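First comes the structure, then the notes that go with it.
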Amino acid sequence: MDIFYNLIKCLIFSTYWLLIANITFRVLIKRRNIPYSMSWLLTIYIIPFIGISIWFFFGELYLGKRQKKIANRIWSISNKWLHELKSCTYIFQIKNSEVATSIFQLCKNRQGLHGIKSKKIKLLTNTKKIMQILIRDIYLARKNIEMVFYIWKPGGMADDVAIALIDSAKRGIHCRLMLDSAGSIEFFQSPWVEIMRKSGIQVVEALKVNLLRVFLRRVDVRQHRKIILIDNYIAYSGSMNLVDPYLFKKSSGIGQWIDLMTRIEGPIATTMGIIYSCDWEIETGLKILPQLPNKKMLENQSNKNASIQVIASGPGFLKNMIHQALLTAIYSAKRELIITTPYLVPSEDLLEAICTAAQRGVEVSIIIPLYHDSILVKWASRVFFSELLEAGVKIFQFQKGLLHSKSILVDQQLSLIGTVNLDMRSLWLNFEITLVIDDSDFGRNLFCIQNKYISDSQLIDKKAWSMRAYWKRILEKIFYFLSPLL
C-alpha cells in the first residue's frame, strides 16, 4: 500500500512540475513585455495549483475551434470585399492634417484603406437624448438595423429601445442584435429574448459562457464593441452600453455613468459594417457583407474636410493595431494631449509615450473617475500616478459619477473615440472598436466636453500625493504586480 501511495505522490509531483515547465516555456516564447511575463511566472510559482488553473483559464488568448476556423476563413472574403470598396474612390479623403498624417498612414498601410469621408458627424453626451435620437432613427429605418453591445440591461429607457426594435421588425425591417454573453447575462435571463425572436429579430449570444467550454477557449475574452448600424448609412459608436444610467448599478453608490457616443452619417457605416459582419460570421457562420456605398451618401456634405478611420481589435483581427494607433497619436502631439479613460492600467510603452509627451513640452491631462466600479483596477491605476506626476502630467479625478467615456484628443484636431480602455484587457484581449477622426470642428467639440469633465474634477496635487500613507503604497505595489493580468 505504501508503494502505491508513493507512486501516486510521485506521479502528481512529476505532473505538476511538467505543467510548470510547460507553462514557463509558453510564457517565455510569447515575447510579451517583461512585467506581463514576470506576473504570470510569479503567479504559477507562488500559488501552487491555483496559479496553474488561472493560467489555463486566462493565460492563453484563443477562441473555440469552430470560431477560430471561421475567423481564418472570413478574412479572405473580407479582403476581396475591401478590394471592391477601393473602387469607390469618391468616399476616400486622401489628405489629412499634419497631426493626423502619421496615424492615418499607419491605418492605410495596415488596413489597406484611406480615411473615409462623412456627410455629418455629431458628438452625443446626454444618455437620455442619445436614446431618444436612437429610437427616432430606429423608427425611421427603411431596410436594416444591426447592433452589438457588451451590456444590455433591461429596464427604463433600454426597454423603450427594445420596443422600437420589435415594432420595426414587425413592419419588415431586418434587425440583428448581438450581445456579449457575460455582460448581458440579465438580458438573456429575461423574457425580452423570446419576445424579440418571435417578432423576427435575430438575437445572438456572443462568446457564450458555458462551464463545459472553459477548457476549450479563454472565458475572459469579451465582445466589448458598441456599434449601431442603420440602413448602411447611419452609424453609432462610443462608450455607452444599452442601459438606463438612472438604473444601472444604482446600488453601488458611485452615481450615474457618464458616456460619450458619436453619430455619423455616410459611408463610414459601410466600413463599420464589415467589422459587424465579421463578428456575426464568427458567431453564426453566416455571411452578411454590407452593400457598397453610393455617391448619394455624400450629397450636401457638412463635414467636407473630416476624415475617419475605423480600427477593430480582437482575436482574428490585426494584431496590436489599436495599441500602435494609440502610441502614434500620443507621439504626434505637439501642443496638447487630453486622455479620458475609466481604467488606467497602461502598457509600459503607453506609459513611456505619455510621460515623454509631457517631458517634451506637451500639455498632458488625464481624466479618470474618482469613484470606481472595480476596486482592483482603482488600486492598480494609482501605482502609475507618481511616474506620471513626476513627468509633468496633470491627473484629474472626475467627481460627478463614474466617467465611462474613452477619448483621446491631440492638439484639438485628432480625436480617438470608442470602446478601448487604457488597460491590458482592452489593448490585448477584447473585441474593441476605435474611431480615429481628423476634423477641427469635431476636435473643438470634444475639447469643450473634456473641459467640462475637468471642471467637475479635482486635480491631484503632486506634493500631497507623495505624502500618502505607507499602507496605500504597499497596496498599490501589490496591485501593480497584478496589473498585467487585469
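Note: Cβ is positioned from N, Cα and C throughout, glycine not excepted.
Residues or ranges marked as active site by Swiss-Prot on the basis of sequence analysis: HIS224 (among others). Within its own chain, HIS224 (active site) has TYR150, ASP180, GLY183, THR419, SER426, ASN430, PHE431, GLU432 as residues 6 or more apart in sequence whose C-beta sits under 8 angstroms from its own.
Under a cutoff of 8 A between CB atoms, and with a sequence separation of 6+ in the same chain, the neighbours of LYS226 (active site) are VAL148, PHE149, TYR150, TYR236, SER237, GLY238, SER239, MET240, ASN241, MET261, THR419, ILE433. Residues or ranges marked as active site by Swiss-Prot on the basis of sequence analysis: LYS226 (among others).
Secondary structure at ASP231 (active site), as computed by DSSP, is coil. There are 16 other Cβ atoms within 10 Å of the Cβ belonging to ASP231 (active site). If you look up Swiss-Prot, you'll see ASP231 (among others) marked as active site, on the strength of sequence analysis.
Feature annotation from Swiss-Prot assigns active site to HIS404 (among others); the stated evidence is sequence analysis. Taking the Cβ of HIS404 (active site) as centre and 10 Å as the limit, one finds 23 other Cβ atoms among all the protein chains shown.
Taken from Swiss-Prot, the feature active site covers LYS406 (among others), and the record attributes it to sequence analysis. In the three-state DSSP assignment, the secondary structure recorded for LYS406 (active site) is coil.
Proximity of ASP411 (active site) to non-local residues of its own chain (separation of 6 or more, Cβ distance below 8 Å) is seen for VAL99, SER332, ALA333, LYS334, ARG335, GLU336, LEU337, GLY443, given in sequence order. Annotated active site per Swiss-Prot: ASP411 (among others), in sequence order.
Under the heading domain 'PLD phosphodiesterase 1', Swiss-Prot lists 219-246, citing sequence analysis as support. The list of residues near the domain 'PLD phosphodiesterase 1' (219-246) in space but at least 6 beyond its ends in sequence, with Cβ under 8 angstroms from a Cβ of it, reads 57-58, 61, 63, 124, 127, 130, 134, 137-138, 141-153, 155-158, 161, 178-180, 182-183, 206-207, 209, 213, 256-257, 259-266, 268-270, 272-273, 275-276, 279, 290-291, 293, 297, 312, 314-315, 404-406, 417-419, 425-426, 429-433, 435.
Per DSSP, the secondary structure of the domain 'PLD phosphodiesterase 2' (399-426) breaks down as 3 helix, 12 strand, 13 coil. Annotation comment: Swiss-Prot describes 399-426 as domain 'PLD phosphodiesterase 2', evidence class sequence analysis.
The transmembrane segment annotation in Swiss-Prot covers 3-23 (among others) and is backed by sequence analysis.
Annotation comment: Swiss-Prot describes 38-58 (among others) as transmembrane segment, evidence class sequence analysis.
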Sequence-distant neighbours of LYS406 (active site) in its chain (C-beta under 8 A, six or more apart): GLY238, SER239, LEU260, THR340, THR341, PRO342, ILE417, GLY418, THR419, VAL420, ASN421
Distance [Cα-Cα, Å, rounded] between HIS404 (active site) and ASP231 (active site): 28
Model confidence over the domain 'PLD phosphodiesterase 2' (399-426), averaged pLDDT: 95
